[in-house]
Amino acid sequence: MNVGKKSEIQVSAKSNLNFLNELIEEKKRYEDEKRKISHQKYTDKLLEANDNETTKRKLLVKQKRKSNKEFQSNIIKKRKDEERKGTLKTEQANEEELLQRSRLELERKAKKYDQYAAGELEIKETEDDGILVDFTRKWAEEAPENETVEITDEFGRTRSVSIYETGNTLLSQKEEYKPEKPIYGDYMPSFEVDEEKVQKLWKEDEQQAVHYDSTKEVRNKGTAFYQFSFDEKEREEQLLSLKEIHAKVTQQQRKNTEDVLTLRDKKLEERRKFLERDYAIKLGERWMSEHFSNN
């Protein structure tokens, strides 16, 4: 046996064929996988491109609609501005035309009046009515047909009557009025004041002034503000009702306070008992440790 030579591996032809078949199948599998991955990537790119295209198309449609709305609104606004400007121009033109005609007419009349004043022209009878102003006729034309005034009749009522009826109404009142006790000559009337009546009136005023009236003041009222009635009977009923409500609220508050204090005392007592028991246990343990640990 020659040790220096390398040993060769004997491989059969069948094994080579099997290996080649497996290699070809593996290569084919690899190519198929690669082709599937490439196809999937290509499909994803196409879908992404379609999505982007759809999004772009939607954005373009949205922008186009927005621009169309803005364009239409601008057209409507521009049309309204033009109509308003045209209306203003027409009104200004009409006013200017009216002013121009009035100015020309006044200038013509002024020139004609100057000629009449200088004696260059004579006033004809046919022109008399058109030149001179008839102030009587002007006042009659401007005055209302049936002007009314306010008067107070014999019953104390304020009435609106025609100006032509005012004289008769006031005249009848003047004739009907006759004083009961006329005073003639140098005479100073005296008046005796009834003290009892005055005192009674003062007491009534003071009694009424005791009660506060919130309607006489202009100010902001609080949430719990309460206006009592000025009727004494109703006022007493309101006071009694408020006193009953106050008593109920006070009793409920006192009860709640007592319940809270009772609960607090109960908790303090339980805590005290717990501490005493705990202290007794610790004291017993310490006594036991001191006496039995030495033994």
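Yeah, the Cβs are placed from backbone N, Cα and C, and that goes for glycine too.
Checked against Swiss-Prot, the range among 27-56, 87-116, 147-176 recorded as coiled coil is 87-116. For the coiled coil (259-286), the model gives a mean pLDDT of 90. According to DSSP, the compositional bias 'Basic and acidic residues' (79-88) comprises 10 helix, 0 strand, 0 coil. Counted with DSSP, the compositional bias 'Basic residues' (57-67) comes out as 11 helix, 0 strand, 0 coil.
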